[in-house]
Amino acid sequence: PPAPRLASTSSTVTGGAAAGGGYFDLPPPVDSSSSTYALKPIPSPPPPPADPSTDSAREPKRMRTGGGSTSSSSSSSSSLDGGRTRSSVVEAAPPAAQASAGASGPAVPVVVVDTQEAGIRLVHALLACAEAVQQENFTAAEALVKQIPMLASSQGGAMRKVAAYFGEALARRVYRFRPAPDSSLLDAAFADLLHAHFYESCPYLKFAHFTANQAILEAFAGCRRVHVVDFGIKQGMQWPALLQALALRPGGPPSFRLTGVGPPQPDETDALQQVGWKLAQFAHTIRVDFQYRGLVAATLADLEPFMLQPDGEDTDDEPEVIAVNSVFELHRLLAQPGALEKVLGTVRAVRPRIVTVVEQEANHNSGSFLDRFTESLHYYSTMFDSLEGAGSGNSAAEASPAPAGTDQV
């Protein structure tokens, strides 16, 4: 049952599950020097007449909760329930112990928080705040966004990180704060390091690369001249496995040409050339005829079909077989009107034998604000849970910047 309200207090603490989420008052401080410090037991109603021989069997048991072996005072209570008497005794700690504790400072209230209940309340607060933002009820949204950090602090691991990112995104909506993106905060070297951590800590990219490489390998079966166009080469982690599989192919490896597309670097370094050198050294080690070209493009819509063709005319009787590969790149074109149609036209113009596309199955760009928020929250919660469960995922999740979807929430 809820605790009765006590008189004369100057501070309150928030109750957890037992207090029903409300407030209860603290009792006044006890003066240990007073002669009335000893607690007096509350008299119990007289028990019904009984056989004296059975009194010892009905004697209530004493429950000791104090840490000491002796006690100077105790309190007891009893109630009648169906003709039976229930009583309990709680013995207080010795006055000397409490006096020494009181001398060091006032007693600090301890609030026990149920992390599971707090997690449910955290999710409800995030969704309720997003709904208030959608309805432009910024007064309610501001009250909710202030509760999110407090609820998130009771959580740990992935949920705490995701709640912090999405709470910050909601706060920017509520307070209408949209800072301009600063690319200098995340330089190319640090971005490459984060990508390498992500690649090693979770299986998503590895599985995507494996399935795409298997499809390309089957499409290149029996071909002597092959060409792969990678719309997002990054560090080129996908292609050593394919090169090694082609080197072990019966009849010898084909002539392999790779065109890697990447964005311009903020520090104006030629990161694509460095990737090409590493892949060329690996191809030379496994004896594969390898050619590489890097194309710098701010967006895939800037590509033209002639950029993906060979430098000179084909003199060999056997034509070059082309494969186009895109891993988590095409969804970036949805924000640019007509960009996706132009890229697909460029792909059709080079007449590839196979096109491998890897994209996330998430609906972050359609529906109402609340629908996009809910979908993004579920997606990134699952992603961060998998990072926490991996062996080296903790460092990657700890160092990673805000998810890409939260800046558009």
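Backbone N, Cα and C define each Cβ position, glycine as well.
Just so it is clear, the model here is predicted, and its values are computed rather than measured.
Taken from TrEMBL, the feature compositional bias 'Low complexity' applies to 7-16 (among others).
According to TrEMBL, the feature compositional bias 'Pro residues' maps to 42-51.
Marked as compositional bias 'Low complexity' by TrEMBL: 70-106 (among others).
According to TrEMBL, the feature region 'Disordered' maps to 1-106 (among others).
For 195-260, the entry in TrEMBL reads region 'VHIID'.
TrEMBL lists 274-306 with the feature region 'Leucine repeat II (LRII)'. Taking DSSP states H, G and I as helix and E and B as strand, the region 'Leucine repeat II (LRII)' (274-306) has 17 helix, 7 strand, 9 coil.
Here TrEMBL flags 390-409 (among others) as region 'Disordered'.
Summarising the annotation, TrEMBL assigns motif 'LxCxE motif' to 127-131. Residue counts for the motif 'LxCxE motif' (127-131) under DSSP, helix first, then strand, then coil, are 5 helix, 0 strand, 0 coil.
Residues annotated as motif 'VHIID' in TrEMBL: 226-230. For the motif 'VHIID' (226-230), the mean pLDDT of the prediction comes to 97.
Residues or ranges marked as motif 'LXXLL motif' by TrEMBL: 330-334.
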